[in-house]
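One structure is given below, encoded as structure tokens.
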Amino acid sequence: MKTTSSQPRAIYYVVALQIWEYFSFYGMRALLILYLTNQLKYDDNHAYALFSAYCSLVYVTPILGGYLADKLLGNRMAVMLGALLMAIGHLVLGASETAPVFLYLSLAIIVCGYGLFKSNVSCLLGELYEPADPRRDGGFSLMYAAGNIGSIIAPIACGYVQEEYSWAMGFALAAIGMVAGLVIFLCGNRHFQHTAGVNRQALCARRFLLPNWGWLLVLLVTAPLLIAVLFWQEWSVYALIVATVIGLAVLARIYLRAETDKQRKDLRLIVVLTAFSLLFWAFAQQGGSSISLYIDRFVNRHIMSYEVPTAMFQSVNAFAVMLCGMVLAWLVKESVGGNRTVRIWGKFALGLGLMSAGFCILTLSARWSAAYGQSSMPLMVLGLAVMGFAELFIDPVAMSQITRIEIPGVTGVLTGIYMLLSGAIANYLAGVIADQTSQASFDAAGAVNYSIDAYIKVFSQITWGALACVGVVLVIWLYHSLKVRTRRLAVE
């Protein structure tokens with residue numbers, strides 16, 4: 001390939017696929033908790049448990065998806081197969097109104113598809129560049145920005161279709177989006193000829209009684225069924241425990257094999273950053289569960305005579321990420337000097353502080369609802385926007401530190417462990433937190449009366465919890481700042 005200032009043509013097909021994958025995933029996610037409570041009439045406890053189990057397992061399966069791509073399928077085939085499975089899953093989800101058994105199966109199919117897609121689309125993009133190609137960073141930035149476009153549009157479009165037509169049509173729109181992305185991607189197939197394809201030799205090699213392609217088919221059939229059983233029996237927590245134990249064991253092994261003090265110091269930093277990221281995302285993931293139900297029940301969503309669908313509020317977060325990303329880029333540019341560790345903790349303190357501020361606004365909103373029956377929509381939008389801005393100071397900072405580690409061959413493993421803890425485990429904890437809002441009573445007619453006091457309590461506790469994290473992070477920041485200052489004075 002020639003290295004020019006323009007991007008490889010293949011990237012635009014990857015970007016299109018990424019837009020539609022985000023559209024599909026976040027469109028469905030915006031509807032799911034509302035579908036479980038409003039349409040299937042699940043109580044809040046059951047809905048939160050299933051929602052958090054689903055959001056947790058989508059961060060576990062990419063580990064297996066990456067392995068299958070490396071050994072058998074190649075990134076391109078894995079991505080296409082994952083997109084197809086997600087589209088099928090969304091269609092099956094629409095049928096769960098008439099046959100509830102399809103609910104667990106559909107979520108399991110989506111989890112499997114996400115595992116094949118998410119772990120490999122970035123690797124496929126990386127294959128488009130030579131290792132030293134200066135266009136690489138720009139390509140990844142383009143894909144990230146494009147994904148946010150999809151996640152902004154999806155809740156608006158799917159929420160509108162669900163409100164005007166049906167839940168099944170809302171989920172079908174998510175499926176159509178995924179199919180559209182896959183068709184566009186296939187149209188550019190000729191631009192991916194230089195990327196790694198299916199490993200035919202490995203597929204045909206026999207292992208035990210079957211060739212590997214036979215075992216792959218068995219896996220594609222049994223994995224969704226097994227995951228569906230995990231959802232049905234509420235056993236997903238056991239899968240998370242096993243994955244976490246394995247992840248921590250691998251992390252300990254990497255630490256013990258580190259050769260220098262600097263490597264061990266960097267690993268300790270990553271571990272502490274991951275712990276704070278886990279707490280941050282346990283708070284932030286309330287957006288798809290407890291916050292969504294709070295908006296549906298206690299926020300005045302009317303603009304003139306039009307009632308804004310609850311699902312549309314999920315777009316606020318993605319829009320804030322895109323808009324405030326430019327501010328973050330300026331902040332990074334203006335603060336390139338100084339000690340890197342000090343900057344890292346400063347950004348984490350800012351991110352957690354913004355999360356606390358966002359939930360403080362939500363607490364005020366909930367108190368307003370308690371006093372006047374309903375809260376105002378602008379106050380809700382402000383709180384969600386502040387929380388979206390907070391995200392920019394957490395994940396990018398932690399991921400940047402992981403990629404800087406000077407231990408050969410562990411970056412991918414550390415990234416997977418980070419996603420497991422800050423993704424899967426954080427989503428499980430988010431479900432535990434959200435469950436504290438599921439306090440309700442019944443009136444004489446049998447109608448459900450939801451407790452606004454429960455939302456006030458949970459939002460307030462998160463506000464103070466995030467603020468406590470800020471205090472701890474500031475102590476760490478101050479320690480490193482004084483350490484750097486002392487070192488400079490000693491040199492002078």
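Each residue, glycine too, has its Cβ placed from N, Cα and C.
Under 8 Å from some Cβ of the transmembrane segment (14-34) lie the Cβ atoms of residues 47-48, 51, 54-55, 79, 83, 86-87, 90, 93, 110, 114, 117, 121, 124-125, 128, 142-143, 146-151, 153-155, 157-159, 162, 167, 170-171, 173-175, 177-178, 180-182, 184-185, 288-289, 292-293, 296, 310-312, 314, 318, all in the same chain and six or more residues away from its ends. Per Swiss-Prot, transmembrane segment is recorded for 14-34 (among others), and the stated evidence type is sequence analysis.
The transmembrane segment annotation in Swiss-Prot covers 49-69 (among others). Distant neighbours of the transmembrane segment (49-69): 29, 32-33, 36, 42, 75, 77-78, 82, 107, 110-112, 114-120, 123, 216, 227, 230-231, 234, 236-237, 239-240, 243, 285, 288-289, 412, 416, 419-420, 423-425, 427-428, 430-432, 434-435; these residues of the same chain sit at least 6 beyond its ends, with a Cβ under 8 Å from one of its Cβ atoms.
What Swiss-Prot lists as transmembrane segment is 91-111 (among others), and the listing cites sequence analysis. Residues of the same chain lying 6 or more positions beyond the ends of the transmembrane segment (91-111) and with a Cβ under 8 Å from any Cβ of it are 28, 39-40, 50, 54, 57-58, 61, 85, 167-172, 175, 223-232.
Feature annotation from Swiss-Prot assigns transmembrane segment to 138-158 (among others).
Swiss-Prot lists 167-187 (among others) with the feature transmembrane segment. Cβ atoms under 8 Å from those of the transmembrane segment (167-187) belong to residues 13-14, 16-21, 23-25, 27-28, 31, 35, 39, 79-80, 83-84, 86-88, 90-91, 93-95, 97, 150, 154, 157-159, 161, 311 of the same chain, restricted to positions at least 6 beyond its ends.
Counting only same-chain residues 6+ beyond the ends of the transmembrane segment (212-232), those with a CB under 8 A from a CB of the stretch are 50, 53-54, 57, 68, 72-73, 103-105, 107-109, 111-112, 202-206, 238-239. Residues annotated as transmembrane segment in Swiss-Prot: 212-232 (among others).
Swiss-Prot lists 236-256 (among others) with the feature transmembrane segment.
For 269-289 (among others), the entry in Swiss-Prot reads transmembrane segment, with the evidence type sequence analysis.
Residues or ranges marked as transmembrane segment in Swiss-Prot (evidence: sequence analysis): 312-332 (among others).
With a cut-off of 8 Å between Cβ atoms, the residues of this chain six or more beyond the transmembrane segment (344-364) that come close are 269, 273, 276, 280, 283-284, 291, 294, 379-380, 382-384, 386-387, 389-394, 397, 401, 456, 459-460, 462-464, 466-467, 469-470, 473-474, 476-477, 480. Summarising the annotation, Swiss-Prot assigns transmembrane segment to 344-364 (among others).
Annotation source Swiss-Prot lists transmembrane segment at 413-433 (among others), citing sequence analysis.
Sequence annotations record features per position, and here Swiss-Prot assigns transmembrane segment to 458-478 (among others).
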In the same chain, residues at least 6 away from the ends of the transmembrane segment (458-478) whose Cβ sits under 8 Å of its Cβ atoms read 272, 276, 279-280, 283, 286, 290, 342, 345-346, 348-349, 352-353, 355-356, 359-360, 362-363, 366, 433-434, 436-437
Highest Cβ pair tally under 8 Å against the transmembrane segment (269-289), stretches 138-158, 236-256, 413-433, lands on 413-433
Cβ under 8 Å to the transmembrane segment (236-256), counting only same-chain residues 6 or more beyond its ends: which ones? 53, 56-57, 60, 63, 230, 264, 267, 271, 407, 410, 413-414, 416-417, 420-421, 424-425, 428
